[in-house]
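Undergrad: Structure incoming, see below.
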Amino acid sequence: MTVSNKTQTALVGSPDGAIILSDTAPLPPSQLEDEQVAVAVQAVSLNPVDTKMAGDYHTPGAISGCEFAGVVTAVGPGAASEWGLGPGDRVSAAIMGMNPLRPSIGAFAQHSVAPAHCLLKMRDDWGFAQAAGLGNSWYTVAWALFHVMGLPAGPELEPLHTKHPPPAREPRISIDNPAPNGGGGKRTTVLVSGGSSSTGTCAIQLLKLAGFDVVATSSARNFDLVRSYGADAVFDHSSPSVAADIKAHTRNGLRLALDCITTPDTTRLCYGAIGRTGGRYVSLDPYSEVVAASRAVVRADWVLGPELMGEDVGWPAPHGRKGNPEAKAFCKVWNRTLQGLLDRGAIRTHPQRVRDTGLRGVLEGLDDIREKRVSGEKLVYTLQV
């Protein structure tokens, strides 16, 4: 299938390293690949990564943004046959913006393209703004928990549970998880650092569905928010004794930690909270090697969300890498799992602040994120198209 060959309005990289609004940005390639889907964008959401596309990560002329919702305008043959997608479908998508290998594809635009396995069909009772916040968090966190950390997904997360069992990871950890709604019984605990972030509330929900107890950190003002998403206990990340408090709460037995913030301080917090026998630490960005070297009994790893698209990542090291077929295979199974969770109302999106100022307003939103004026909510912008 083809899309029309005209220019569009989009946020693109400028020659001087800024993000600017352009009315002459290129449309995505007119010829869709087999599993690609073309979408008329109706709403976009912002992520911290959108503010980090500077220096060698910045490509002049490339379109920025990685989450959007809209209406399908054209599909490749595989997107239709394998995923049942067609023109007129309302979808949300997770893609890689500011992509030097595909500079005409990004979320902050009137038109975009996404691989079918990174698209979700919207619920009938959802608007585009609500759906725009789905995407990267739900894919990246699932990859971090149920593959890289090696946690079992459990029967509530089918077909992932049976079709993609987790690989063996070191150190070996015994997991005790009754069915999520099966009453009492011992449950393995996972720490979520950054519980009030969009990835944090996503992680809490997925861990609870998988049958884990969740201990989270956040600022004190967001305690109620974090608890409302299912955290069993919440600790103030700014407290000098937070690591010791978590260690006491878990009786020196914590062995699993997901770091949704990933600074030297949060890595240090997680390492300090993990019990005497060590465990596994997974972050959503590269972690401090210095901190990681402080405890040999803790195995550290980190994940890169765009890897799930299965394509080469053209960003510089340490993010740049060849396409990962294993990540794509995981994502295809996870996509069907996530669609099922969405359809049956088993998950909630992160709290949103919706603005109707379009792509021009996104520039203001990026400044809000840079200046740390956003906490416990996700910025979403509807487009006047």
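The first residue you see is number 1, and the count goes up from there.
Using N, Cα and C of the backbone, Cβ positions are placed for all residues, glycine too.
Quick paste of what Swiss-Prot says about this protein:
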- 49-52, 196-199, 219-222, 284-285, 374-375: NADP(+) binding site (BINDING)
- ASN136, SER137, TRP138, TYR139, THR140, VAL141, ALA142, TRP143, GLY305, PRO306, GLU307, LEU308, MET309: substrate binding site (BINDING)
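A description of the local structural setting of each listed feature is requested, covering burial, neighbours and distances.
TA: DSSP assigns THR51 (NADP(+) binding site) to a helix in the three-state reduction.
Long-range C-beta contacts of MET309 (substrate binding site), restricted to its own chain and to partners at least six residues apart, with a cutoff below 8 Å, comprise ILE95, MET96, PRO115, CYS118, LYS328, CYS331.
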Undergrad: Are there binding-site residues among THR140, ALA142, GLY305, GLU307 that sit within 10 Å of SER198 (NADP(+) binding site), Cα to Cα? If so, list them; otherwise say none.
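TA: Passing the 10 Å Cα cut: none.
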Undergrad: What's the number of neighbouring CB atoms sitting within 10 A of the CB on LEU284 (NADP(+) binding site)?
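TA: Taking all protein chains shown, LEU284 (NADP(+) binding site) has 28 Cβ neighbours within 10 Å.
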Undergrad: Give me the sequence-ordered set of same-chain residues, not including ASN136, SER137, TRP138, TYR139, THR140, VAL141, ALA142, TRP143, GLY305, PRO306, GLU307, LEU308, MET309, with a C-beta within 8 angstroms of the centroid of the substrate site's C-beta atoms.
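TA: Not counting the recorded site residues, we get ALA94, VAL303, CYS331.
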Undergrad: Using a 10 Å radius around its CB, how many other CB atoms surround GLU307 (substrate binding site)?
TA: 24
Undergrad: Using Cβ atoms only, which residues of the same chain lie under 8 Å from THR140 (substrate binding site) while being at least 6 residues apart in sequence?
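TA: Correct list: THR199, LEU284, VAL303, GLY305, LEU308.
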Undergrad: With every protein chain in view, how many other Cβ atoms are within 10 Å of the Cβ of VAL49 (NADP(+) binding site)?
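TA: Around the Cβ of VAL49 (NADP(+) binding site), 21 other Cβ atoms lie within 10 Å.
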Undergrad: What number of additional C-beta atoms lies within 10 angstroms of the C-beta atom of ARG221 (NADP(+) binding site)?
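TA: The answer is 11.
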